[in-house]
Amino acid sequence: MGRRYFGTDGIRGKVGDAPITPDFVLRLGYAAGKVLASAPGRAASGARPTVLIGKDTRVSGYMLEAALEAGFSAAGVDVMLAGPMPTPGVAYLTRALRLSAGVVISASHNPYHDNGIKFFSADGNKLPDEIEAEIEAWLDKPLDCAASDGLGKARRLDDAAGRYIEFCKSTFPAAFDLRGMKLVVDCAHGAAYQVAPHVFHELGADVIPIGVAPNGFNINDGVGATAPDALMRAVRANHADLGIALDGDADRLLVVDHTGRLYNGDELLYVLVKDRIATNGQVEGAVGTLMTNFAVEVALKEAGVQFVRAAVGDRYVLEQLREHGWQLGAEGSGHILSLDRHSTGDGIVSALLVLAALKRSGKTLAQMLEGVTLFPQKLINVRMKPGADWKGSDAIRRAIDSAEQALSGSGRVLIRASGTEPVLRVMVEARQATDANRHAEAIADAVKQATA
């Protein structure tokens with residue numbers, strides 16, 4: 001049976017609408033607490049589980065934090081409160097402090113009126129599907145509050161931000177520093193606002209912070225990785241060397257160079273792979289997604305690096321990295337994984353990896369990406385009748401085959417059905433925009449005629 005509440009990145013929705021309500025989140029805390037308490041070895045040891053709760057800067061975070069805390073306490077689980085903390089910071093602290101689990105209250109790049117809950121295991125990884133299924137099963141059981149002497153306790157984690165700042169700095173090579181560099185750091189009015197500027201400043205950079213005045217309602221609003229225009233303007237206005245854009249929970253990274261040019265996760269993955277090749281001699285493989293630009297795949301293969309596409313979502317990139325035993329993966333949106341540095345995507349750590357690559361090479365981002373020009377993409381969303389059998393259409397198949405034959409080795413076709421509405425997404429990449437447009441429109445026309 002499929003999961004009812006957990007998606008690819010925890011539980012998420014509009015605050016006040018099910019399931020992001022205080023009563024549900026209290027029960028979620030209780031259910032998660034009971035699963036943790038019954039983990040193998042936990043009951044036998046008699047040790048009380050302890051979880052860490054971090055959050056971003058949404059006004060609803062206070063309400064949901066209190067509800068989670070109450071649920072965990074009712075299940076007999078102790079709670080440590082980190083306050084505003086990037087998602088990767090919660091993952092790191094959970095592992096470093098040897099806690100039972102970590103919980104993040106955040107809806108990442110979404111607007112302030114959304115929020116969500118995601119869990120990390122004791123080793124700093126997102127919970128396996130089977131554990132999330134156990135938690136959902138407990139949600140159907142009565143809430144049986146622990147006796148007074150068995151209730152969980154709650155306390156603030158002293159210097160949570162400072163601990164995470166030191167971890168981030170430790171991932172930057174000791175042989176380098178950032179003295180002489182002017183950086184604009186955009187924290188999206190989100191979870192990294194008390195952390196990211198300090199990391200880069202303490203490593204020697206002249207830091208110009210933006211997006212560091214959260215009021216509970218302005219997270220991701222015209223700032224951050226989902227709205228990089230503000231950063232691009234700030235970099236040019238301040239004559240900065242580089243701009244760093246994080247999202248609301250700081251697990252994404254986009255970078256802007258001194259000219260104001262924006263670099264996405266696909267391009268940054270290529271930069272990091274090239275840096276590893278220069279320092280280690282070779283990189284066996286890297287992981288992208290179905291949406292990774294074809295130019296990056298071509299460039300990596302030309303560099304002798306295997307490339308695998310995962311389903312869209314950093315969870316699936318991580319699965320492929322583990323399956324192949326590789327270290328580097330990314331999504332175009334800015335989720336970058338470097339498993340020799342962290343167990344999850346970390347915008348700050350990823351920025352430090354990019355900065356280290358620039359320091360080692362003595363090149364700019366544009367120079368490191370010389371010869372790699374992203375292919376133009378044409379995306380057309382075609383609305384269909386609900387339940388239309390587009391896969392069984394010979395006309396659609398012929399249109400796809402025709403495009404793939406014409407683009408062989410110089411582009412690709414991706415057809416994806418929306419998971420939430422009767423829409424077929426037709427995406428074509430080609431070296432020339434005219435070719436991408438022509439083939440995408442031909443396929444879209446075939447879809448419209450076959451599914452009308």
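Backbone N, Cα and C define each Cβ position, glycine as well.
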Further Mg(2+) ligand in Swiss-Prot, beside Asp247, Asp249, Asp251, within candidate set Ser100, Ser108, Ser393: Ser108
Ser108 (active site, phosphoserine intermediate) versus Asp251 (Mg(2+) binding site) - Cα distance in angstrom: 8
CB within-chain contacts under 8 A for Asp247 (Mg(2+) binding site), separation at least 6: Ser108, His109, Ala188, Gly190, Asn220, Gly224, Ala225, Thr226, Gly334, Gly347
List of residues, in chain order, with Cβ under 8 A from that of Asp249 (Mg(2+) binding site) and at least 6 apart: Asp56, Pro86, Thr87, Val104, Ser106, Ser108, His109, Gly190, Ala191
